[in-house]
Amino acid sequence: MADATEKAEHDRIFKKFDANGDGKISAAELEEALKTLGSVTADDVKRMMAEIDTDGDGNISYQEFTDFAGANRGLMKDVAKIF
């Protein structure tokens, strides 16, 4: 379970990734966000989408994002430093 600080970080990062503010992260939005972290290929984006988009609807919901973030705390700390 994420504490309040961790939840606030997840909220902040999710909003940065969700460029159009529709409450979900599309593959295009994920690609743009990942470009901030360095070079990213279309295959990288596909792999990340496949891993995070657990319901397979083509978008990353807030719940899917927080589930991934909770399982990958070290990675999310690194992402939080950049965003």
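Positions of Cβ are set from backbone N, Cα and C atoms, glycine also.
Taken straight from Swiss-Prot:
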- Asp18, Asn20, Asp22, Lys24, Glu29: Ca(2+) 1 binding site (BINDING)
- Asp53, Asp55, Asp57, Asn59, Glu64: Ca(2+) 2 binding site (BINDING)
- 5-40: domain 'EF-hand 1' (DOMAIN)
- 43-75: domain 'EF-hand 2' (DOMAIN)
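Known features from Swiss-Prot, placed on the structure.
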{"residue": "Asp18", "record": "Ca(2+) 1 binding site", "DSSP (3 states)": "coil"}
{"residue": "Lys24", "record": "Ca(2+) 1 binding site", "DSSP (3 states)": "strand"}
{"residue": "Glu29", "record": "Ca(2+) 1 binding site", "DSSP (3 states)": "helix"}
{"residue": "Asp53", "record": "Ca(2+) 2 binding site", "DSSP (3 states)": "coil"}
{"residue": "Asn59", "record": "Ca(2+) 2 binding site", "DSSP (3 states)": "strand"}
{"residue": "Glu64", "record": "Ca(2+) 2 binding site", "DSSP (3 states)": "helix"}
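Neighbour density around each Cβ, counted as other Cβ atoms within 10 Å, peaks among the binding-site residues Asp22, Glu29 at Glu29. Here the domain 'EF-hand 1' (5-40) has long-range neighbours at 46, 48-49, 58-62, 65-66, 69, 73, 76, 79-80, 82-83, meaning same-chain residues at least 6 beyond its ends whose C-beta is under 8 angstroms from one of its own. Look at the binding-site residues Asp57, Glu64 and count other Cβ atoms within 10 Å of each Cβ; Asp57 has the fewest.
Around Asp18 (Ca(2+) 1 binding site), a 10 Å sphere centred on its CB holds 20 further CB atoms from the protein chains shown. Of the chain residues outside the Ca(2+) 1 site list Asp18, Asn20, Asp22, Lys24, Glu29, Phe17, Ala19, Gly21, Gly23, Ile25, Ser26, Asn59 have their Cβ within 8 Å of the site's Cβ mean position. Of all the binding-site residues listed here (Asp53, Asp55), it is Asp55 whose C-beta has the fewest other C-beta atoms within 10 angstroms. Nearest Cα neighbour of Asp57 (Ca(2+) 2 binding site) among the listed binding-site residues (Asp18, Asn20, Lys24, Glu29): Lys24. The Cβ of Asn59 (Ca(2+) 2 binding site) has Lys24, Ile25, Ser26, Asp53 as same-chain neighbours under 8 Å, each 6 or more residues away in sequence. Rounded to a whole number, the distance between the Cα atoms of Glu64 (Ca(2+) 2 binding site) and Asn20 (Ca(2+) 1 binding site) is 18 Å.
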